[in-house]
Structure formats: C-alpha cells, structure tokens
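Presented below is the structure to which this report refers.
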Amino acid sequence: MADFFASSFWTGFLWPLIIMIAQSVLLLVVLLIAIAYILLADRKIWAAVQIRRGPNVVGPFGLFQSFADLLKFVLKEPIIPAGANKGVFLLAPLVSCVLALAAWAVIPTNLGWAIADINVGILFIFAISSLSIYGIIMAGWSSNSKYPFLAALRSAAQMVSYEVSIGFVIITVLLCAGTLNLSAVVEAQHARGLASLIGLPQLTILNWYVWPLFPMFVVFYVSALAETNRPPFDLVEAESELVAGFMVEYGSTPYLLFMLGEYVAITTMCALATILFLGGWLPPIDVAPFNWVPGVIWFALKLFFMFFLIAMAKAIVPRYRYDQLMRLGWKVFLPLSLVMVVVVAGVLHFAGIAPK
C-alpha cells in the first residue's frame with residue numbers, strides 16, 4: 001500500500017486528478033449559489049428602476065426566491081413537441097449550460113486560484129463563448145417551430161458580428177500585457193502603468209487598463225451585452241416578436257438549464273472584464289487597510305459592479321432593431337476596434353513601453 005502512494009502513478013496522475021475534481025466541484029457549488037443571488041439582484045435592480053419591490057416573499061427580503069424558482073422548474077413535467085427531434089431537443093440545453101460552466105475552469109479569482117492556469121486562458125474563454133452558439137442553433141432547429149428557428153438564425157448572425165469586436169479587444173490587452181495568461185494580465189496591471197510613471201506605485205487603480213483602453217472597454221461592454229443576448233440586444237428572445245425565441249418550446253428543467261447557461265455566460269463576461277480592465281483581484285490602493293482585504297473579495301465586488309452595469313442596461317435602454325444591431329457591430333465597433341489596435345501598437349512601439 002505504501003508503495004502505491006509513493007508511486008509516480010499516484011503522485012503524478014491520480015492525486016492531482018482528485019484535487020482537480022474537488023476544486024471543480026467546489027467551484028461549481030460556489031458559482032451556482034452566486035448565480036442564484038446574481039439572478040435575484042437582476043430582478044431587484046429592475047424592480048428598483050421601475051419603483052416596485054421585486055421578489056420579497058420567499059425568505060427575508062426574498063433572499064430564497066431563486067431556490068424556490070429552482071424547485072418549481074424541477075418539479076414541472078418536461079414537454080417535448082410532437083414534431084421535435086427529441087435527442088437534439090434535450091441535448092441543446094445541456095450543451096449551452098456545460099459550455100458556459102467550462103469557461104470558469106481558467107478564470108482566476110485570486111492569485112493562484114484557478115483550476116487550470118493555462119497560458120492561453122483568454123483564447124480558451126473566447127473559443128468556449130464561440131461554441132455556445134451551437135446550443136441555441138440546436139434548440140432552434142430541433143423544436144420544429146418557426147419562432148425558435150428564426151431566433152437561432154438571428155443568434156448566429158449576432159454572435160458572429162460581435163465576437164469579431166471582442167477579438168480585437170483581446171488583441172489590445174495582449175499588446176499591453178504581453179501575455180494571454182489571465183493571471184499574468186492582472187499582475188501586469190500591478191507592476192507597470194500610470195501609477196509607476198508618476199511615482200505613486202500604491203495607486204494601482206491608475207494602472208488598470210480601463211483608463212488607457214477606455215474605448216475598448218466600452219466596445220467590450222456593449223459586445224458582451226450582444227454576445228450574451230442581454231437587453232437592449234435580446235433580439236434572439238424578443239418577447240414582443242418571437243414570444244421567447246429559441247426557448248419557446250422549452251419548459252421545466254431544460255428551460256432552467258438555458259437560463260442557467262445564460263446567466264453563467266453573463267457572469268463569465270463580467271469576470272473577463274474585471275480581469276482585462278479592472279485589475280482583477282488587485283485593490284484600488286495598495287496600502288492598508290485596502291490590501292488587508294482578500295483578493296477574492298475585490299474580484300467579487302468588481303464583478304458585481306460590471307453586472308450592475310449590465311442590469312441597468314436592461315432596465316433603461318430600449319431594444320434595438322435588428323438592422324441597428326448589425327450596423328453598430330459592423331460599421332461602428334469593427335472600424336473602431338481596428339483603429340484602436342493600430343493606435344495602441346503604435347504608441348507602445350514608439351514610446352518604448354511595449355512589454356518584453
């Protein structure tokens with residue numbers, strides 16, 4: 001027995017695998033609980049803008065409303081349309097949800113707090129977000145209904161249009177940080193920047209990329225809204241036009257999985273914005289008592305700030321027409337992001353401040 005625990009199979013493969021599985025389960029539990037309260041916050045913010053109370057019955061201040069909704073969905077009977085392709089119909093919400101959760105494998109919430117701290121973490125998330133379109137297309141096609149099919153076509157065009165802009169945003173951050181490793185991007189915002197140039201390295205907030213790359217931050221924010229089908233770009237599930245879009249034939253647990261995948265994707269975009277532009281887990285001022293606060297708390301606060309911006313867009317901005325959505329993506333954001341890539345590369349080169 002002692003020989004087994006000393007073997008290379010145990011130390012080099014089995015034990016690291018057990019640790020990774022335990023980390024994955026812990027992350028999944030924490031993430032799902034966080035999603036429950038992010039969904040509640042979304043409803044509360046929307047209610048506050050409309051001057052009403054919002055969910056306030058289940059638990060104190062409605063804190064357990066999301067768990068009651070979970071129970072309601074799980075206990076309902078799933079209904080599959082007679083003409084639907086049953087296998088693809090049931091697989092679509094699983095694909096959507098699993099892909100959204102997979103992106104969190106590479107997101108660090110603190111220094112060293114990532115299941116897989118890979119050197120191409122940004123590209124991994126970008127690839128996962130690109131694949132998420134398949135869940136929507138599968139749902140739209142397999143439902144054998146015109147409304148889901150139209151929503152799937154809209155979604156394909158919408159996601160392709162705004163992934164291009166997000167790709168150029170990633171390139172500008174790559175130019176500034178010199179790496180695609182998410183932890184290294186955060187550390188780059190601590191080590192160098194405006195605060196170092198003016199001789200105040202404690203003001204780490206001045207090193208965050210949101211200041212020199214503010215136009216790209218705006219492009220990323222709006223593109224994230226479009227990428228995750230959030231208002232004012234919720235053309236895929238427009239209630240007044242397509243009833244509920246690609247989810248119109250879904251109910252019970254499959255519908256819940258789609259909703260879960262949507263909110264996990266929104267949270268992923270908020271986390272990515274936090275890492276790329278807001279310094280990740282870094283405190284705004286690197287002095288006591290700010291640096292006494294654990295980095296994961298700063299990360300959570302910044303993530304919720306980004307989600308608040310997304311929730312406010314849902315509450316106050318009217319829905320775009322589809323032609324306006326396409327025009328914004330191809331005629332405004334694409335040229336702007338291309339110009340910004342050239343400008344950032346030029347400034348870094350001629351100022352001699354490009355990362356080595």
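We number each residue from 1, going along the chain as drawn.
Every residue gets a Cβ built from N, Cα and C, even glycine.
Features of the protein shown, as given by Swiss-Prot:
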TRANSMEM  18-38  transmembrane segment
TRANSMEM  87-107  transmembrane segment
TRANSMEM  120-140  transmembrane segment
TRANSMEM  166-186  transmembrane segment
TRANSMEM  205-225  transmembrane segment
TRANSMEM  265-285  transmembrane segment
TRANSMEM  292-312  transmembrane segment
TRANSMEM  333-353  transmembrane segment
The transmembrane segment (205-225) and the transmembrane segment (87-107) contact flag, 3+ Cβ pairs under 8 angstroms: no
Cβ pairs under 8 Å between the transmembrane segment (120-140) and the transmembrane segment (166-186), at least three: yes
Leading contact stretch, 166-186, 265-285, 333-353 vs the transmembrane segment (18-38) - CB distance under 8 Å: 265-285
Cβ-based contact of the transmembrane segment (265-285) with the transmembrane segment (333-353), 3 or more pairs under 8 Å: no
